[in-house]
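According to TrEMBL, the protein carries these features:
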- A:Arg56, A:Thr57, A:Arg106, A:His137, A:Gln140, A:Gly265, A:Pro266: carbamoyl phosphate binding site (BINDING)
- A:Lys84, A:Arg170, A:Arg224: L-aspartate binding site (BINDING)
- A:3-150: domain 'Aspartate/ornithine carbamoyltransferase carbamoyl-P binding' (DOMAIN)
- A:157-303: domain 'Aspartate/ornithine carbamoyltransferase Asp/Orn-binding' (DOMAIN)
Amino acid sequence: MIRHLLTADGLDGETVNTVLGTADTLKQTLLGREVRKLPTLRGRTVITMFYENSTRTRVSFEVAGKWMSADVINVSASGSSTGKGESLRDTALTLSAAGADCVILRHGASGAPHRLAEWLDHTGTRVVNAGDGMHEHPTQALLDAATLRERLGELSGRRVGIVGDLLHSRVARSNVHLLRTLGAEVVLIAPPTLVPDGIESWGATVTHELDPQLPGLDAVMALRVQAERMNGGFFPTAREYSIGYGLNAARTAKLPEHAVVLHPGPMLRGMEIAPRVADSPSAAVEQQVRNGVHVRMAVLYHLLAGEESTA
Amino acid sequence: MASRQSADAAAPAGERELLSAGDVARTVARMAHQIIEKTALDSGAEHVVLLGVPTRGVPLARRIAERIDTFSGVSVPTGALDITLYRDDLRQQPNRPLEPSSVPTGGVDDALVVLVDDVLFSGRTVRSALDALRDQGRPRAVQLAVLVDRGHRELPIRADYVGKNVPTARSEDVAVRLTEVDDTDAVLLRRPDSSSGATSSTATSGREPDTESGTETAESAGGKQ
């Protein structure tokens with residue numbers, strides 16, 4: 001098993017299937033229970049370090065840890081010594097020295113979790129990437145895969161479209177790697193200004209037209225337009241973007257009957273997804289969040305439950 | 001995952017058959033009779049649920065339920081109770097895969113739950129199962145049925161129904177094989193690979209369980225506690 005979870009890129013099919021299988025078993029185990037608490041990670045300490053805002057990722061990691069009886073401590077950049085000028089490395093070493101068995105990091109800089117894993121390598125503290133800049137968000141890709149499997153069955157041979165702000169999206173990159181590992185075909189759809197350099201190496205089809213793709217898709221994922229990472233000029237107006245790439249009722253009507261609509265959240269209703277689509281039965285947004293807890297439980301289980309010496 | 005009891009073509013020198021396929025069937029039938037008698041489930045007074053501990057406790061529970069149905073006409077619900085998440089030795093072992101749990105509809109509240117496992121050894125599996133069961137609900141009472149009791153308890157736990165008592169050395173391994181999992185029915189006693197391959201009769205006495213050398217092998221090889 002893996003020591004850290006830093007990327008979806010390079011995760012082999014066996015590891016992915018094991019984690020998804022564990023997540024599914026955990027979901028069934030806890031289904032309908034009055035007391036959602038397992039003793040599995042009793043005595044383990046998990047620290048979340050979020051240098052960027054987050055609702056669902058931070059909360060679901062915290063819930064996942066707590067349902068498995070780990071002690072979960074949340075550190076945010078604003079309330080910590082980062083504000084006094086402490087480096088990421090020193091903060092991480094401090095958390096590790098204070099007893100963290102696992103550090104879950106969200107950071108605005110792509111690659112920050114990799115550096116953290118290197119710095120903490122001698123300590124035995126595990127690192128989970130909860131989103132780093134415009135790079136990767138592996139647990140999001142895992143929970144998306146879990147959701148798609150629940151809706152569609154095996155993903156091998158399925159065709160998944162990812163629409164929107166590919167340039168700034170760590171979700172898209174992680175999903176492309178993971179979906180391809182599971183045998184699915186990925187189509188990336190975005191205006192030319194929001195397509196990153198080097199996208200040819202991702203192994204997915206890239207197009208600028210959404211409508212012709214719709215009838216052939218088993219699932220479509222709308223990405224959030226990341227205004228906080230944009231300094232203008234990517235598209236003329238929000239309305240224009242929405243007309244070209246927003247998922248509205250007219251568009252989803254062109255999808256096959258069984259097709260699933262995903263959104264990693266937070267949703268900008270009326271921008272990349274219409275309210276009617278977001279609340280329709282084909283949308284799996286809440287299911288994604290629910291699965292997020294179980295997938296993160298599975299990740300923590302595989303990183304933390306077994307014997308300490310596995311390197 | 002199934003490496004512990006991979007099928008052997010012929011019984012090697014360090015292996016002895018404790019129960020044949022016919023013995024397993026007779027033992028299961030006897031345990032079914034005992035459960036009917038002790039719980040008086042055919043009087044309808046008691047709601048009995050059989051919960052097997054994966055891997056082999058699950059098919060065993062189903063077989064006992066099938067026998068109970070044949071003998072008494074009462075259909076007893078069965079399920080599976082995975083204990084991996086409740087083990088007290090998770091940190092001493094490499095990561096274990098989870099097995100699905102399934103509690104029959106109607107749950108375990110106020111039921112008489114009979115936990116079913118293949119081998120009773122240290123008792124730690126049963127302790128974990130009791131913890132797991134507590135999270136499923138509140139049974140009226142819990143009993144334990146095992147195909148083989150091999151001794152060496154480390155906790156104050158005893159079985160209510162025992163298929164066969166087998167005195168063993170700690171270094172030995174009791175391997176239960178069921179067709180549902182292993183394509184054959186048998187219970188085997190296996191000695192660790194050692195130089196003394198010709199001591200086929202000493203183990204049956206079982207009087208010196210803790211004085212055997214090499215006590216680690218059976219524990220580390222077997223997943224069952």
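The backbone N, Cα and C atoms fix where each Cβ goes, and this holds for glycine too.
Sequence features annotated in TrEMBL and their locations in the structure.
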residue  : record                           : Cβ contacts under 8 Å, 6 or more apart
A:Arg56  : carbamoyl phosphate binding site : A:Gly265, A:Pro266, A:Val289, A:Gly292
A:Thr57  : carbamoyl phosphate binding site : A:Arg106, A:Ala130, A:Gly131, A:His137, A:Thr139, A:Gln140, A:Gly292
A:Lys84  : L-aspartate binding site         : none
A:Arg170 : L-aspartate binding site         : A:Ser110, A:Gly131, A:Asp132, A:Gly133, A:Met134, A:His135, A:Glu136, A:His137, A:Gln140
A:Arg224 : L-aspartate binding site         : A:Gly164, A:Asp165, A:Ser169, A:His263, A:Pro264, A:Gly265, A:Pro266, A:Met267, A:Leu268, A:Glu272
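In the domain 'Aspartate/ornithine carbamoyltransferase Asp/Orn-binding' (A:157-303), the DSSP tally of helix, strand and coil residues is 63 helix, 24 strand, 60 coil. Highlighted in sequence order, A:Ser54, A:Thr55, A:Ala130, A:Gly131, A:Val171, A:Pro264, A:Gly292 have their Cβ within 8 Å of the centre of the Cβ atoms of A:Arg56, A:Thr57, A:Arg106, A:His137, A:Gln140, A:Gly265, A:Pro266, the residues recorded for carbamoyl phosphate, and are not part of that set. Model confidence over the domain 'Aspartate/ornithine carbamoyltransferase Asp/Orn-binding' (A:157-303) is summarised by a mean pLDDT of 95. With the fewest other C-beta atoms within 10 Å around its C-beta, A:Pro266 stands out among the binding-site residues A:Gly265, A:Pro266. Taking every pair among A:Arg56, A:Thr57, A:Arg106, A:His137, A:Gln140, A:Gly265, A:Pro266, the residues recorded as binding carbamoyl phosphate, the greatest CA to CA distance is 16 Å. With a 10 A radius on its CB, A:Gln140 (carbamoyl phosphate binding site) counts 25 other CB atoms from all the protein chains. A sphere of 10 angstroms centred on the C-beta of A:Arg106 (carbamoyl phosphate binding site) encloses 26 other C-beta atoms. When Cβ atoms from all protein chains are considered, those within 10 Å of A:His137 (carbamoyl phosphate binding site) total 26, not counting its own. When the Cα positions of A:Lys84, A:Arg170, A:Arg224 are compared pair by pair, the longest gap among these L-aspartate-binding residues is 32 Å.
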